Amino acid sequence: MSPTGTPATPALRHRTVLLDEAVDALVWRPDGVYVDGTFGRGGHSRAVLARLGPDGALVAFDKDPAAIAEAGTIKDARFSIEHASFAAMAERLSGRGHVAGVLLDLGISSPQIDEAARGFSFRFEGPLDMRMDTTRGITAAQWLAQADEQDIARVIRDYGEERFAVQIAKAIVARRSEPGDGGPIATTADLAALVAKAVKTREKGQDPATRTFQALRIHVNQELEDLERGLKAAYELLQVGGRLVVISFHSLEDRIVKRFMAAHARPQQDADPALRRAPLRAADLPQPTLRLLGRYKPGPEEVAANPRARSAVMRVAEKLAPAATTAGGGARA
């Protein structure tokens with residue numbers, strides 16, 4: 001997918017980031033059941049299906065009704081789609097047993113950015129919606145019209161890493177009571193103009209509204225909460241040898257993914273210090289349950305062809321068998 005920002009030219013539409021690398025890392029047995037947690041416009045799903053044998057299966061998830069409609073064009077008995085967040089995969093797949101791999105391609109897709117009515121981009125005039133699932137939840141405009149100044153500042157600071165969050169929040173709240181053309185912010189252009197006045201210094205090559213739009217999108221869609229829930233669900237669903245492949249587009253996402261994988265790959269580092277000081281064998285400490293298989297970035301050719309891929313980071317991990325234990329509960333040496 002992609003971060004919020006520059007509009008796509010027609011040549012850049014529907015370009016799936018790290019397509020071959022992600023599918024190579026994900027599919028290790030052609031008869032396995034796989035999960036594409038973010039169908040989008042189906043780039044990864046179609047490539048996974050091409051790798052599967054007749055007994056393989058792919059279950060995709062997406063919040064976006066437009067993605068669900070696109071999934072309907074795939075006529076393959078091995079494929080099914082769930083209109084839900086990938087955070088719900090544990091409940092939705094409870095009767096299918098373990099899976100061979102889970103792919104999460106985070107962020108927002110080019111078609112979502114480029115459709116003005118969705119309200120994701122400051123470069124297109126449109127209603128300030130920002131919901132990935134337009135059938136439920138409140139819009140960004142509705143939230144900004146009712147949230148207090150402290151909450152708005154917190155969201156913009158924490159999710160947008162915006163140092164002018166307080167000034168932006170003050171301006172948003174003050175705008176509600178302005179006469180004439182004032183009142184609650186309703187459009188992308190309204191918000192972009194307000195932020196441009198509140199942000200005193202500008203980062204080179206970045207619109208001053210970039211961080212605020214990112215923050216509101218993350219908040220409205222509960223993206224980081226969904227990511228944490230989805231990682232836990234994926235881990236529980238994976239069979240031994242199963243692959244977890246996650247593509248992120250900004251530091252907040254990547255930090256969560258990195259910490260989650262590291263906690264399962266190097267649990268001894270996170271063990272209670274008192275436990276680490278106790279006279280125990282290394283085998284008696286928490287044992288790894290994931291193996292880190294690498295961190296990947298798009299190459300120069302992909303970035304040149306698709307500038308939105310520049311910030312992508314892909315992390316891959318493999319589920320390990322639980323350590324065998326003795327009758328007394330300690331791990332066998």
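Even glycines carry a Cβ here, placed using N, Cα and C.
Residues or ranges marked as S-adenosyl-L-methionine binding site in Swiss-Prot (evidence: sequence analysis): G42, G43, H44, D62, F86, D105, Q112. Shown in sequence order, T38, F39, G40, I68, A71, I81, E82, H83 are the residues of the chain, 6+ apart in sequence, with a C-beta less than 8 angstroms from the C-beta of D62 (S-adenosyl-L-methionine binding site).
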According to DSSP, does H44 (S-adenosyl-L-methionine binding site) sit in a helix, a strand, or coil? helix
